[in-house]
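K.L.:
Below is a structure I'd like to ask you about.
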Amino acid sequence: MKLRNTLLAAIGLAFAAGAAQADINVGVVLSATGPAASLGIPEKNTISLLPTTIGGEKVNYIVLDDASDTTTAVKNARKLIDENKVDVLVGSTTSPASLAMIDVVAESRTPMISMAASARIVSPMDDQKRWVFKTPQNDLQMASAIVEHMLANGIKKVAFIGFANAYGEGWHEQFKNLADDKGIQIVANERFNPADTSVTGQALKLMSVKPDAVFIAGSGTPAALPQKSLRERGYKGPIYQTHGVANNDFLRICGKDCEGTLLPVGPVQMARSLPDSHPVKASALKYVEKYEAANGAGSVSSFGAYAWDAGVLLEAAAPVALKNAKPGTAEFRAALRDALEGVKEVAGATGIYTMSAEDHLGLDERSRVMIEIRNGSWSLLK
Amino acid sequence: MDMSIALILGQDGITNGAIYALLALALVLVFAVTRVIFIQQGEFVAYGALTLAMMQAGTVPATVWLLVAMGVLVTVFDAGAALRAGRHRRAAAVAGWNLIYPLALAAIMAMLPVASLPLLVQVFLTLAIVVPMGPQMYRLMYQPVASAPVLILLIVSVALHIAMVGLGLLFFGAEGQRTPAFSDASFELGTLMVSGQTVWVLVVSALLIGALYQFFERTLYGKALRATAINRVGAQLMGISPALAGKLTFFLAAFIGALSGVLIAPITTIYYDTGFLIALKGFVAAIIGGLASYPIAALGALLVGLLESFSSFWASAYKEVIVFTLIIPVLLWRSLNTGHVEEEE
């Protein structure tokens, strides 16, 4: 027993020694198992495609799975910082886990790049969130694409129906703020449950106020039900959905009732059909090709792109930080944080990142495109 | 709200209510005969709908392998016991129903081009796969603890419910399915548009309720079940086997569940875990009937369906709250109106 402990200690020391060299150590926390696995698995696949040397230094990626569990994510973050002495954390997959990790990274003064969507991860900016960055678009960017499209098409009265959970409430809030500013009126506000078997009542309510358009805020295949009910009851006007439905299962379930549906998505999903002039086309296509070469055609998703962009940000920021300090030191972590905050016009797969002291997401309207469902597949709107 | 909206909502509520009524009847039946609270009723709904969807997608439904696995277990228990008792014919019958039948079904699935068969044949095959799981489940999980207190039986039900949801995820995947409608016909009644599928749901529900009534009133087996429900020990003394009554009850419950699933699959998207919420509403209806009265349970189901559709119009955010809060005044009223009956142990 004693011998075994000694051996383990020796192995541990050897690893610690290995990590203590001037390599850049990147700790990755993601949800490769559990309910968020469909997001975490493409992220994990993407980590293995990230650059292995940056600015002439070797980069080590240490990946830990948090099983979609907040407590485990925090434990993993602590382990990576205390034991592996990582210079930067990437993660986690889900918003609750990312929010919980903020305390840990702020305390140890380690920069962190989250792959989760919630705007609250980086705003409002405070002393702790100084250390936190994120790559996915906020719902706000997506909502603004919808509002712009509505304005351009003369839509003044919108009926809203969303999930009766945080997703629907969050979208309603974002959408209402934008719509109020632009003079678009929300004439109905309904809710439904993802597990509902009938939304006829809500559909009738939406139609009874005679809106110019209906906006459905749901994710995945359950968002097809209101759309089917509306079409079944004879609603002919335009229907908007969120990027939460941008997968092929939605097309399969919704069928011909979804023709003409309008929604915003990240550019990765439409990388091949983007016009060559689109600023994100080249960088998005680079990721798509690399990912599909490793994982098969058609396998790419926007979730993996969030992990890819974390790598893109590091590739842009680490060389700057390397000029000021050596990896593995507190000075390097601080320098890396400053460098991340200073990235300008860095093209990732999700959009163009320009960070500032106030904005640790740095994406603008180039991070999404409007698409339409036409002939049972996605097609880009001009 | 004008008349036409009220009519559409009423129609929607009655369609859903008909399904809840079927499930409520099954719940009352199972509880009356075996004292089991049949939580996994909803899983039979989902299994029925998704098995049909898998068949139509051209794949061999994974549920058939579950049937085979449970059949093997039943054979091991029952045929083994029968052989030791020297009852060879009984052993052969057990093996025939629990081993050869599932394997034959699996062979049919693998060999026939099931995706191109007529819809009614597909529905029949779906029922042939899902329904026998009911009696098998009773034999394997409930029969060994048949005389245990209600609480133990409830715990077994919860465990089975969780296991079936998990298996459902494994079999059918996380995404939902829809099947094509039985008929594309639609009828105009005044301002009201009635779809063919709605008519199917209502007609099949009414026929099934009528058939169940006939079964309980006119047949020996039906009367045996009623006798067991009224007095378990008395029925046993009259030579009614509680094991047979249990299996028969579960057969009926599984049949009702799977048929409900097949009926609603064209109306709504069914997920591996959708069944629970549907069955829960059936359960509210069954509670209204005090888990004892079939007509009150059926009326309660219609009430739940209508309440649901009208509340989704007026206050969609609070729809589930309204439907499930209904149970509180009902329980209050029942507890004030009926004398407390000690549970027989």
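Note: Cβ is positioned from N, Cα and C throughout, glycine not excepted.
Pulled the feature table from TrEMBL, pasting it below:
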type     : residues  : note
TRANSMEM : B:20-42   : transmembrane segment
TRANSMEM : B:62-83   : transmembrane segment
TRANSMEM : B:95-113  : transmembrane segment
TRANSMEM : B:119-138 : transmembrane segment
TRANSMEM : B:150-174 : transmembrane segment
TRANSMEM : B:194-216 : transmembrane segment
TRANSMEM : B:248-272 : transmembrane segment
TRANSMEM : B:278-305 : transmembrane segment
TRANSMEM : B:317-336 : transmembrane segment
K.L.:
Could you pull out which residues elsewhere in the chain have a CB under 8 Å from any CB of the transmembrane segment (B:119-138), counting only those six or more residues past its ends?
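P.N.:
Contacts of the transmembrane segment (B:119-138) (Cβ under 8 Å, skipping residues fewer than 6 from its ends): 34, 40, 44, 47-48, 51-52, 55-56, 61, 63-64, 66-67, 70-71, 73-74, 97-98, 101-102, 105, 108-109, 160, 180, 182, 246-255, 257-259, 262.
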K.L.:
Would you call the transmembrane segment (B:194-216) and the transmembrane segment (B:150-174) in contact, using three or more Cβ pairs under 8 Å, pairs 6 or more apart in sequence?
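P.N.:
When sequence-distant Cβ pairs are counted, the transmembrane segment (B:150-174) does not touch the transmembrane segment (B:194-216), since fewer than 3 lie under 8 Å.
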K.L.:
So, do the transmembrane segment (B:20-42) and the transmembrane segment (B:248-272) meet, by the test of 3 or more Cβ pairs under 8 Å (sequence gap 6 or more)?
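P.N.:
Since 3 or more Cβ pairs under 8 Å link them, the transmembrane segment (B:20-42) and the transmembrane segment (B:248-272) do come into contact.
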K.L.:
Give the one range among B:62-83, B:150-174, B:278-305, B:317-336 whose Cβ atoms make the most pairs under 8 Å with those of the transmembrane segment (B:248-272).
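P.N.:
The stretch with the most close Cβ contacts to the transmembrane segment (B:248-272) is B:150-174.
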K.L.:
Which bits of the chain, at least 6 residues beyond where the transmembrane segment (B:150-174) starts or stops, bring a Cβ under 8 A of a Cβ in it?
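P.N.:
For the transmembrane segment (B:150-174), the nonlocal Cβ contacts are 34-40, 42-43, 46-47, 50, 53-54, 61-63, 66, 137, 141-142, 271-273, 276, 343.
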